[in-house]
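S.K.: Would you mind keeping the following structure in view while I ask a few things?
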Amino acid sequence: MVIYMGVVLYAPALALNAVTGFDLWGAVLAMGLVCTLYTALGGLKAVIWTDVFQTIVMFAGQLAVIIVGTHQAGGIAEVWKKAQNGSRISGLDLNPDPLERHTFWTLGVGGVFLMLALYGVNQAQVQRYLSSRTEKVAIMSCYAVFPCQQIVLTMGCLMGLVMYARYGEESPLDKGYVKSNDQMVLYFVMDVLQDLPGLPGLFVACLFSGALSTISSAFNSLATVTMEDLIKPHVAPMTEARATLLSKMLALGYGLVCLAMAYIASLMGSVLQAALSIFGMVGGPLLGLFCLGMFFPWANSTGALVGLVSGLVMAFWIGIGSFLSRMSASALPVMNTTITPDVGNMTTALMTTLITSKPRPSGVQALYSLSYMWYSAHNSATVVVVGLLVSFLTGPSKEKDLNPGTIYPVLGNLLFFLPQRYREKLCCVTPLDDKSKVMDCQPYLMTRKESNGVAYTEEEGEQKTTQPTCNLAHTVQETAL
C-alpha cells in the first residue's frame, strides 16, 4: 500500500509539471502534506466525506473535457468515424495467450481476480464497508460500485477517442510537446479548454481529487491496522485520548513515508500499469490467503503462512523480473533493416522491408512477459495450491475443529451429486450457521469507528467495545474475515 501511494502521489504532479511548469516535487510535497494533515486530524469521517466531494469534482472535470472536446471535433459521430478509420476501435480479441497484454480473457478472467483483490480484501475498501450502519448497507455499496466503475471507464475511453480525433497520428508525444504518455491528457485539456476560463482549473482539481481520495483512505487504513494488529496486542491498555493521539501520529508518519516512495514511483514507467501491477503483486497473495481460509476446510495455519510467503515470493519475482526485463529491452538499440533491390534502369523501384517477427518468450522470460492483468490470479492460485499441499503434509484441519460461519462449503456445493457420507468424509459440508456449535458465541456485528480506529457497536444508546466471546476466526477491525 505504501508503494502504491507513491505512484498515486506522483502521477498528477507529473502531469501538472509537464503542462504548467509547476515544480514537480513541490506539487508532490504540497499534496502529500495537505492529505496527511486532514487525514490525521479528521480520521475515517474526514476521509469519507472528502471522498464524496472529490468524486463529484472528478466527474465534473471529465465531463467538461469530453463535452467541449467532442464539440470542437465536430460531434460524437465524427469522433467515432475518425477512431474507426484510424483502427482505434478494437474488436473482441479471443486470443487465450496470457502473454498478450489486453484480450477478452485477460480482462474478463484476470480482471475479475484483480477487482476481487481491490474490492474484496483491500484494506482501504474493507474499512469503508465496516463504517456502514448495517451489513445490508455495506452490501449495497458493493453493488453501487459496479455501474459507477463502468461510467468512469467509459469516460476515460471517450476522452482517449476525443484526443485521437483532435490530434490523429501526430500526437503531442511524437511532436515532443510532452515526455511521456501520462502527461498527454493534461496537455490535451489545456489545449482544448485554454479559451474557457475556469475549466482547466476544474480538470486539475479533478486530477488531484482522484489522488487525494485514494491517498487519504490508505493513510487511515494503514494507521488503523498498525494500531490494532501491531501495537495494541503488545502494549498495556491505553486511554482513549492516548490511542487517538497515537493513531494520528501513525497517519502522519505514513504520510511522510509515502512522500519518499513518490521518488521510487518516478522510476516505474507507466503509472496506471505500475499501480495495477503493485495491486496484482501484493493483492493477489492476500486474496489467495482469504480464499484458502474461507473455501478450504483442510487448510491449517502452517499451510496458510507458507502459502502466503510463497505467493509473495512468486509475485515479487515476476513483478521485479518483468520490470528489469523491460528496462534491459529498452536499453537495446532498435535496428530497422530496409533492403532496396538493384533494379537498374527500371522506372518503378520496389521497396522491401524485412520485418522480423518477435519470437515468443520461453522459460523464465515467458513468466516475465505475463500480462499484468494476470498477476492477481496467478499469485492467488499459488497461495491456494501451496497452502493446501503444506496443510495436507502437516496434518489437515478436521471439520469438528472448525467454527461454523468461517467456512463457505464451495466444494460441497460443487460436488452436490455425491452422497452425503462421501462429502462428509471430504470435509466439505461444514454448515454456515450451525447454532449448536456457536452456542455462546457473539454474532458478527457491524461496527462504527472513532477516528483512531477503535471499533464499537451502538446498543440501547450505550457505547460498547466489541470483543468476541469465543474463539471465532474473525476480529472486528479492518482485517475482518
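Just so it is clear, glycine is given a Cβ too, placed from its N, Cα and C backbone atoms.
In case it helps, TrEMBL gives these features for our protein:
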{"type": "TRANSMEM", "residues": "25-44", "note": "transmembrane segment"}
{"type": "TRANSMEM", "residues": "56-77", "note": "transmembrane segment"}
{"type": "TRANSMEM", "residues": "102-121", "note": "transmembrane segment"}
{"type": "TRANSMEM", "residues": "142-165", "note": "transmembrane segment"}
{"type": "TRANSMEM", "residues": "202-225", "note": "transmembrane segment"}
{"type": "TRANSMEM", "residues": "245-265", "note": "transmembrane segment"}
{"type": "TRANSMEM", "residues": "271-296", "note": "transmembrane segment"}
{"type": "TRANSMEM", "residues": "303-324", "note": "transmembrane segment"}
{"type": "TRANSMEM", "residues": "372-393", "note": "transmembrane segment"}
S.K.: Thinking of Cβ pairs under 8 Å, which stretch from 25-44, 56-77, 102-121, 245-265 has the most of them with the transmembrane segment (142-165)?
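M.R.: Counting Cβ pairs under 8 Å, the winner is 56-77.
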S.K.: Using Cβ distances below 8 Å and needing 3 or more such pairs, separated by at least 6 in sequence, tell me whether the transmembrane segment (202-225) contacts the transmembrane segment (56-77).
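M.R.: Contact confirmed: at least 3 Cβ pairs fall under 8 Å.
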S.K.: Does the transmembrane segment (372-393) reach the transmembrane segment (245-265), going by 3 or more CB pairs under 8 Å (6 or more apart in sequence)?
M.R.: no
S.K.: What stretch of 25-44, 102-121, 303-324 shows the most Cβ pairs under 8 Å to the transmembrane segment (245-265)?
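M.R.: Most Cβ pairs under 8 Å with the transmembrane segment (245-265) come from 25-44.
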S.K.: Using a Cβ cut-off of under 8 Å, list the residues of the same chain at least 6 residues beyond the transmembrane segment (25-44) that approach it.
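M.R.: Cβ under 8 Å, 6 or more out: 9-10, 12-13, 16-17, 50, 127, 131, 208, 211-212, 215-216, 219-220, 224, 247-249, 251-252, 254-256, 258-259, 262, 449-453.
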S.K.: Using Cβ atoms and a strict cutoff of less than 8 Å, what residues sit near the transmembrane segment (102-121) while being 6 or more residues removed from its termini?
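M.R.: Distant contacts of the transmembrane segment (102-121): 92-96, 142, 145, 276, 279-280, 283-284, 286-287, 289-290, 371, 373-377, 380.
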